[in-house]
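Undergrad: Input: one structure, supplied below.
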Amino acid sequence: MSHTNRVFLYGASGHAKVICEILEARHRTPGGLIDDNPLVTSLLEYPVYHNLQEVVLTTDDHFIISIGNNRIRKAVAAKLNAVKFTSAIHPAAVISPRSSVGEGTVVMANVTVNAQSNIGNHVILNTNCSIDHDCIVEDFVHISPNVALAGNVQVGEGTHIGIGACVLQNIRIGKWVTIGAGAVIIRDVPDYAVVVGNPGRVIKTNKP
Ligand SMILES: CC(=O)SCCNC(=O)CCNC(=O)[C@H](O)C(C)(C)COP(=O)(O)OP(=O)(O)OC[C@H]1O[C@@H](n2cnc3c(N)ncnc32)[C@H](O)[C@@H]1OP(=O)(O)O
């Protein structure tokens, strides 16, 4: 059996199901998933292993961390420092040829990334989000479905932007921020803030 270009997913979640189907749409082969939970033995039609030692890896194999929680995704990335990561981009995503997408990053269906935006490593660009020109999205960010970032927005490491939120142009959002579902961000957001509403207001602070 050929093992060429297998992609293993770390985390057998609903999020992993979406990534499996992106790989299928790209004619790439999910080699299986790895998850700590011994009760989960398969996901879609793919086997779930319970530690890396169960998998005979080759140098052609790549990984994606299919865990939605940004902090856990970062911790797992540090633990898996010996493997090669790959990105998965749905064929129905539109990515500017002048933009970049980092390793371990997943881009769901109907995402748009416009000119000269940089998307970091292990980022989730979820279904139908829109990243306009000149944006910087740092590592371990999750941009939820239907989020719109206007031009020249920066999003710091580990930040989660909730479903349907909008961010006006030229805004700087700090690291490990949480933006609530449907929020409208009209001014810069400090590191670790939790922001909800229209206009967005800080309601509390995430633990550093
Ligand atoms: C494919 C996928 O599934 S991707 C995942 C998509 N999911 C999301 O985007 C979820 C985003 N999460 C949210 O919006 C959450 O409500 C959070 C993170 C902002 C807050 O969650 P918690 O920390 O649990 O706060 P909690 O629910 O206690 O709410 C705190 C206060 O903020 C208010 N609040 C919470 N969320 C929102 C919101 N999105 N907009 C406006 N107000 C809100 C609550 O009503 C509450 O107000 P009160 O103190 O006056 O009663």
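Cβ coordinates are placed from backbone N, Cα and C, and glycine is handled just like the others.
Not my notes, these are from TrEMBL:
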| type | residues | note |
| --- | --- | --- |
| ACT_SITE | H133 | active site, proton acceptor |
| BINDING | S13, G14, H15, G68 | substrate binding site |
| BINDING | H142, I163 | acetyl-CoA binding site |
| DOMAIN | 6-80 | domain 'PglD N-terminal' |
| SITE | D134 | site 'Increases basicity of active site His' |
Undergrad: Using a Cβ-Cβ cut-off under 8 angstroms and a sequence gap of six or more, which residues of the chain neighbour S13 (substrate binding site)?
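TA: When sequence neighbours closer than 6 are ignored, S13 (substrate binding site) has S66, I67, G68 within Cβ distance under 8 Å.
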Undergrad: What other residues of the same chain, not counting S13, G14, H15, G68, have a CB atom within 8 A of the CB centroid of the substrate site?
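TA: Not counting the recorded site residues, we get G11, A16, K17, V18, S66, I67.
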Undergrad: How many other Cβ atoms are found within 10 Å of the Cβ atom of H142 (acetyl-CoA binding site), counting all protein chains shown?
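TA: By my count, 25.
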Undergrad: Express the distance between the Cα positions of H15 (substrate binding site) and H142 (acetyl-CoA binding site) as a whole number of Å.
TA: 12
Undergrad: Among the binding-site residues listed here, G14, G68, whose Cβ has the fewest other Cβ atoms inside 10 Å?
TA: G14
Undergrad: Out of G14, H133, D134, which of these recorded positions is nearest H142 (acetyl-CoA binding site) by C-alpha distance?
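TA: Given the candidates G14, H133, D134, the nearest one is G14.
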